[in-house]
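Colleague: Have a look at this one before I ask anything.
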Amino acid sequence: MRRDRILLATTLMVVFTADLYFVLLPKLQDFRRGQGSRCSCGQANSSLPGQGGLASPWLSGSTGYPRDSTEGDPEDGGSKLGRLFAHPLYNIQTPTLGPEERLLQAGKLIDYYDKKVSRWERHMVLYNEAAGASNVTMTQQKVNFDPEVSWLKFHLGINRYSLYSRDDPAVEQLLRDMHTLPIISTDYTQDEKALKGVCDCEQVVKPSGHHLKLALKMKDFGKAMFKPMRQQRDEVPSEDVFYFVDFQRHNAEIAAFHLDRILDFRRVPPAVGRLVNITGEVLHITHNQDLRNVFFTSPAKNTCFFSKCLYVCKTEYAVCGRPDALEGSLSAYLPRLSQAPRVSIPSPWIRSYTFDGRRDWEVNPFYCDTIKQTYPYNSGNRLLNIIDMSVFDFLMGNMDRHHYELFTNFGDEGFLLHLDNARGFGRPSEDVMSILAPLTQCCVIKRSTLLRLRLLSRPRYRLSDVMRESLGGDPLRPILTEPHLLALDRRLRRVLEEVERCVMQLGEEQVVTADFARSTDPPPAATT
């Protein structure tokens with residue numbers, strides 16, 4: 001009997017060992033091996049690379065984020081920015097673009113600029129002859145236009161989803177060109193020319209001439225908007241200064257481009273810093289006598305210039321070089337309105353721009369219910385894009401978003417352009433929650449936006465770290481001070497807290513919305 005018991009116990013132990021070794025252990029190994037590539041958001045997020053899914057507009061499923069196979073120690077060194085852009089969320093396939101989904105067609109655009117360059121060269125010959133007869137000194141530069149120039153590639157890359165693709169090499173080349181190429185002409189911007197030197201001094205909101213923007217034309221015939229430095233990096237606007245009379249900051253334009261790219265919106269034109277010689281690269285090459293007339297030499301022997309607008313037509317409002325060098329931001333021009341028309345629309349959450357006025361959205365807690373029933377916010381992705389823009393503005397503290405623009409070629413479902421960001425990054429210690437009103441009042445957000453915000457809140461992809469690294473490549477680095485970088489992390493947490501509050505109140509299905517996209521499925525076959 002004892003021998004039978006020993007035999008039975010031995011048999012059971014052998015069976016259990018075999019089951020553990022050949023069944024349970026392989027399953028455990030498969031489970032641990034699969035953790036690095038499985039999406040924590042379940043089967044619904046099948047649109048990510050490596051999961052055989054669809055393109056960006058069809059993101060759906062839980063609000064978690066996919067794990068990348070390189071996940072490890074959150075502080076394991078290396079480039080956080082490179083790691084971020086290698087993440088599956090930043091490598092989602094986009095739909096194949098048809099001609100109707102591209103802003104411009106190459107053949108027509110190249111023909112247009114070939115003729116424009118020819119007209120420019122003829123005009124310069126006549127102008128130089130007239131300048132010589134008048135004993136006016138002009139620095140002459142030849143145009144070097146080529147169909148392969150970076151700014152033209154940037155224009156041709158604009159599509160219905162964004163200004164540029166994630167891996168477009170033309171963007172990096174455009175940044176280098178704006179920083180290094182010779183400047184052949186300078187002028188006032190079109191909106192400043194429209195002022196014609198006449199400004200209403202009683203206006204609270206000052207026209208754009210207050211900000212000394214200049215249009216620079218490069219040797220390759222590309223154009224960039226120059227905003228000169230008005231404040232030092234560590235200067236903080238006084239709490240007594242209203243946002244609508246605050247100076248514009250050149251470094252905010254540069255930082256906004258990098259933040260927009262890190263958020264994967266890609267709706268801000270490329271911007272880079274440059275040290276400009278305002279004597280040789282502005283005064284001596286401008287053909288605009290009005291611009292020449294606002295230059296003077298300060299008592300410190302520095303070259304300065306000021307706006308032509310009457311209420312700031314004084315030397316105390318001027319910007320000055322040291323003695324000629326002046327740093328500023330250069331933002332790439334978008335295609336001409338004749339080639340790619342744009343429309344400017346007042347934001348539903350526009351501020352009062354008066355000292356004591358308040359808008360309806362500031363006093364009516366149910367304001368968004370009305371907006372959701374109003375065209376064009378009652379369908380499509382317009383409202384979701386407004387909320388994207390409010391998150392972008394909140395992160396950089398920009399209260400000056402009174403209008404938004406979009407290309408008319410793409411109809412109601414085109415993306416919103418994030419232009420004029422120079423009033424961001426003002427007070428790093430202040431979080432202006434009213435900027436987030438579209439999100440907090442409407443309680444909806446794109447799933448793709450939320451996934452990336454959550455990713456950027458993690459130590460491995462911390463927003464302040466990837467911004468610091470991205471801005472470190474700009475020629476005028478450092479672009480932002482450390483308090484501004486740390487404020488990004490704090491504000492990001494507040495955005496996620498507001499989303500969580502909405503989810504707790506309304507439920508995830510009501511708050512987190514799959515990205516809108518026009519269907520690309522073929523129509524069903526006709527039946528008889």
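Cβ atoms are placed via backbone N, Cα and C, with glycine included.
A TrEMBL annotation is a machine prediction, not a hand-curated record.
Annotations per TrEMBL:
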TRANSMEM  6-25  transmembrane segment
REGION    59-78  region 'Disordered'
BINDING   Lys227, Ser331, Ala332, Tyr333, Leu334, Glu405, Asp420  ATP binding site
DOMAIN    295-512  domain 'FAM20 C-terminal'
ACT_SITE  Asp400  active site
BINDING   Asp420  Mn(2+) binding site
Colleague: Taking every protein chain in this structure into account, which of the recorded positions Asp400, Glu405, Asp420 has the most other Cβ atoms within 10 Å of its Cβ?
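Modeller: Highest number of other Cβ atoms within 10 Å: Asp420.
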Colleague: Which whole number of Å gives the largest C-alpha distance between any two of Lys227, Ser331, Ala332, Tyr333, Leu334, Glu405, Asp420, the residues noted as binding ATP?
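Modeller: So the maximum pairwise Cα distance among the ATP binders is 20 Å.
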Colleague: Comparing the binding-site residues Ala332, Leu334, which residue's C-beta has the most other C-beta atoms within 10 angstroms in this structure?
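Modeller: Selected residue: Ala332.
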Colleague: Looking at Cβ-Cβ distances, which residues of the chain lie under 8 angstroms from Tyr333 (ATP binding site) while being 6 or more apart from it?
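Modeller: Result: Trp151, Ala215, Gly222, Lys223, Ala224, Met225, Pro269.
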Colleague: For the domain 'FAM20 C-terminal' (295-512), would you mind checking the mean pLDDT of the predicted model?
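Modeller: That stretch averages a pLDDT of 92.
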Colleague: Quick check for the class: what is the C-alpha distance, in angstrom and rounded, between Leu334 (ATP binding site) and the residue listed as 'active site'?
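Modeller: So the Cα of the residue listed as 'active site' lies 21 Å away from that of Leu334 (ATP binding site).
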